[in-house]
Amino acid sequence: MNINHKGVLKLTKMEKKFLRKQSKARHVLLKHEGIQAVSYPTQSLVIANGGLGNGVSRKQLLLTLEKCGPVEALLMPPNKPYAFVIFQTIEESKKAYFTLNGKEIIDDLGQKIFLYLNFVEKAQWKNMGLEALPPGLLVVEEIISSEEEKKLLESVNWTEDTGNQNFQRSLKHRRVKHFGYEFHYESNTVDKDKPLPGGLPEVCSSILEKLLKEGYIKHKPDQLTINQYEPGHGIPAHIDTHSAFEDEIISLSLGSAIVMDFKHPEGVTVQVMLPRRSLLVMTGESRYLWTHGITPRKFDTVQASEQFKGGIITSDIGDLTLSKRGMRTSFTFRKVRRMPCNCSYSSVCDRQRKATPPSLTESSKEALELEQKHVHQVYNEIASHFSSTRHSPWPRIVEFLKALPSGSIVADIGCGNGKYLGINKDLYMIGCDRSQNLVDICRERQFQALVCDALAVPVRSGSCDACISIAVIHHFATAERRVEALQELARLLRPGGQALIYVWAMEQEYKNQKSKYLRGKRISQGDKDELNSATSTEEFLVNQTPEGVNEDPALSVNSSSITKEEEYKSRKVPNSELPIHINRTCFHSQDVLVPWHLKRNPGKDKAIEPSGVAGCPDPSPVFHRYYHVFCDGELEASCQAVGDVSILQSYYDQGNWCVVLQKV
C-alpha cells in the first residue's frame, strides 16, 4: 500500500482506514507490551498480528519478509500476537514497511490476517523462562518402537462396553478408560477397596518390565488411565492427588507429540516437549509440587531447529515456530498408595493440609435450598442498595460487546441492574435475572429484561449471536449445577456464537500482584464527582472492586490488619456449615458466605425482614451471599464438560477467572 505521509495528496478511504489500524496496533503494543514504536526508519520492525499467538508460523512469515531483502533475525516470542524482524539495511526495512503494511496473509488455520508494521529502535524480548526441567522430571525419547506403539493403540477398543461406567467414560472431547482402579474425577481419588476386574492390560506387561529393569520406575503400577485427545483440547493444570498415588507417575505419549506446561507455586512456568513414543517420568518435586497440564489449542510453540526433541522448550525467540497437533493417546500409569502421604510438600498435600471447614453437601435439594436462601432471597432484598453500587462497566467486557457485529442478538444471563445492556446501542440485547427487584430496575432504565432461572432461560435454542454471564455461575452450589449453567449458555448460542463468562477467583493474588479487592483503593481528588454522586464513601469503594466481588462496604477491612489466626477463623451463620469470608483477605475455602450490610433509604425502601438472618427490624441488617470461588483451571475444566463449545480465550481479570467460549 502506498501511503502519502506528507499530506500533499488527499488520502483515500482505504488509506485512512489503514492508518487507523496501524495506529491502533501501535497503541496496543505500547499499552499491553510496553513496546515503543518510533517515527523514523530503523533496521528493526515490530509486526502486529504476525506472531505465533496468531497462528502464523516462522516459515510462512519468513517467506513473506524475505521478498523485501535478507533477514538478519526473526524473533517470535511464544504465544504473542507479534514478531520482530531485523533487516541488514534500513533500506530493506523501509521496503518491508511500505510493501507489507496492511498485507493479508492466511494463517495455519486458514483464517485471514492483516499485518501492521512499525519501526522500533531495538528488537528485544525479556526472557522470563526457566532453562532447566523441574526437579524429578525426566523425558525419555523413543522408549518404545513404532510396532509397540501400534499394538498399544490397537489394544484400546473405544466402542465396546461404553455403558460400563466403572472403567470407561466420555468427558466430551476426551475419551477415558481406566484399568486396575477407576479414577473418580469428582473427588480426584480412587476407591482402594474396589479394584476393577482384569487388572492392567496384558499388552502393557513387557513394557512395564522393561521400565522396571532399566530403573525408570521402582514399583510396578497397578492403575492405568488411558486418555484420547482431539487437537484443540487439553487438560487443566493439576497435581495428582498425594493420598491416592505413590511418588512415581509415568506417562506414554502415543500418536502425536504434545507440549505440556509445568508450573511452580511461585509462578515459574516451564514448557516441556513430549515427543511421540516418549516416556514422561514425574517423581519428587515435579510430581508433588508442580502442577502439570496441557493448554487447549491446535498448534504448539516448538523449537524450529529441533521440533520434536524431548525436553524443555527453550526461550530462544529466534528459534520458535508452530507445530500442528494430531490425535494423541496417553497411557498414564500409577501405583495406588496404601500408606498415608508424608511428603515434604505439606502446602499442597491433601493429607497434611490443615483441615478446612466442612463444605456443602452435593444434594441437589440442599443446593437449591442454599441458593434460594443465600442468593435469590438476598439479592431480591438488597436490590436497590446493590444497584446503587454498580455503575462502572468493566473494560474487557465492554470491549467484548463493542467488538460484536452491528445487529447481533445478545443475552445477558444474570444481568443484575442492567449495566451492560446499554453499552452498545447497535446490538439487540435482552437481560434476565432471578431477582424480580433487579429486573424492575432494568425496566425503569428502559431495558428489555425478564425474570428467569439461569438453568432454564425461556429463549429459543441457537437464537443468540452472543451471551454474557458476569459474576453469576459462582452462585451455583454444586459442580453439576455450574456445568448446567454453562450448558444453558451454549444452548442459546448459534453455531459460531460466543459467550463471555466471569467468575470470582480463589487466587486474589496472581503473578505476584494483588487484585484490587485485596489492595482496596484510595479516593483521589479526581474521583470527587463520582464520590459526590454516591450515597457514601463506602459505596464508592464498592464500585471499584472486582466484578465478582459484590462486596459489602460496611465490612471492608485492611488485609494487613488481619492476623493469620483471624484469617483462618471460621465464623458461622446459624444453621450453616459454611464459613463467613472476611472481606479484603485471601480465601481459605472455595465455598463461602460473603456478608452484605444493607443500607436503607427510609423514603423509598420497604422494611423487609431479611430471610438470611434471625432477628430483625434491624435498620442495617446483614445478609450472607453464597459463593463458590474458582481455582486456576477450574472454569476451563467446567467448560470442557460442555458439549459443542471450544475455549477461544481464558484470562485473569482483577480477581476473576474469565473465558470466551464459541459454539461449534
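Heads up, the Cβ atoms here are built off N, Cα and C, so glycines get one too.
Going through HIS178, HIS184, HIS292 against Swiss-Prot, the one listed in the Fe cation site together with HIS238, ASP240 turns out to be HIS292.
Cβ neighbour counts within 10 Å, taken over all protein chains shown, single out ARG328 as the most crowded of the binding-site residues HIS238, ARG328. Between the alpha carbons (Cα) of HIS238 (Fe cation binding site) and CYS343 (Zn(2+) binding site) lies a span of roughly 17 Å.
When DSSP labels each residue, the domain 'RRM' (45-120) comes out as 25 helix, 26 strand, 25 coil, counted as helix, strand and coil in that order. Long-range neighbours of HIS292 (Fe cation binding site) (same chain, six or more residues apart, CB within less than 8 Å of its CB): ILE235, ALA237, HIS238, ILE239, MET260, ASP261, PHE262, LYS263, MET282, SER286. Within 10 Å of the C-beta of TYR229 (2-oxoglutarate binding site) we count 22 further C-beta atoms, all protein chains included. Note: the CA-CA distance between TYR229 (2-oxoglutarate binding site) and ASP240 (Fe cation binding site) rounds to 19 Å.
According to DSSP, CYS343 (Zn(2+) binding site) is assigned to coil rather than to any helix or strand.
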